[in-house]
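Quick look at what Swiss-Prot annotates:
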REPEAT    13-55  repeat 'ARM 1'
REPEAT    74-114  repeat 'ARM 2'
REPEAT    117-158  repeat 'ARM 3'
REPEAT    161-199  repeat 'ARM 4'
REPEAT    204-244  repeat 'ARM 5'
Amino acid sequence: MDKLLQWSIAQQSGDKEAIQKLGQPDPKMLEQLFGGPDEPTLMKQAIAVIQNPEATLEDKEIAFDNFEMLIENLDNANNIENMKLWPAIVNQLEDGVPATLRVYAASVIGTAVQNNPKAQEDFNKTSGPEKLIKIASDEKTPKDLLLKTLYALSSAMRNFKPAYANFVENNGWNIISLSKENDHKIQLRQLSAVSSILSTGLDEDKQENIQNAKLVEYLVSILTKDGHIGCIEKALNIISELAHYKYQFTSTEIARLAQGLEQIETLSDRLTEEDLVSAKKIVS
């Protein structure tokens, strides 16, 4: 504040040497001095633009971008609920909304709830999880929207059991399937969602869902010598996690895993040794 006062005095006196020496003041300090809007106000203003039917698509995209930067701050993310802004964000996931705004909405959700138990709890009370699962389950969903949707779901479920319960209730396991989709970016996001599911442990119901979804079969299908190394490593890590939680592998799953491990033997020096050893113990 002293520096700001010195800068103000130098401006009034026209002392160019002092102005040059002091440099430009902190913009946030200037906002406080001259009554600029605080961050909660900026958040409200951004949402107002997004909801304004007269605003251009470009203006709405800019507003969403600014909003996401603001809610990277934990306090601001928690203020989404305090200011009753969750419904406005979730509404942007609707089918009739322009595609870019749906992508922004999913991205904002993922950023807000990531490693944030309060925001996870607040979001889980909305219709957002159901809408995200619907988007992720639709084969016609564009890739960029699918990626952000899976990111949001993963962030919402990680270390938060109620979100997984919501996931099951809305048939979320349908998004983890033996799809012919070979896009490694989508696979990585699907695997991240599985990792989030396992972050809250394993019980009988979850084991049953894993078997019904043929998750192990899906994981093993990724273990190929020509596969994407990042996907292979993530799949191995999940298999290792399943073993850690005492998942009961069937004889068929073990046989297929053995075949998969043979496929990636030549890649062993590029994979995490601990996960590889854990997977090999399952088939030994």
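Placement of Cβ uses the backbone N, Cα and C atoms for every residue, glycine included.
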By a Cβ-Cβ criterion of under 8 Å, what residues six or more beyond either terminus of the repeat 'ARM 3' (117-158) are in contact with it?
77-78, 80-81, 86-87, 89-90, 93-94, 99, 102-103, 106-107, 109-111, 164, 166-167, 170-172, 174-175, 183, 185-186, 189-190, 192-193, 195-197, 199-200
Intrachain residues whose Cβ lies under 8 Å of the repeat 'ARM 4' (161-199), provided they are six or more past its termini:
120-121, 124, 129-130, 133-134, 136-137, 143, 146-147, 150-151, 153-155, 205-206, 209, 212-215, 217-218, 221-222, 228, 230-231, 234-235, 237-238, 241-242, 245
Counts of helix, strand and coil residues, the repeat 'ARM 2' (74-114), according to DSSP:
30 helix, 0 strand, 11 coil
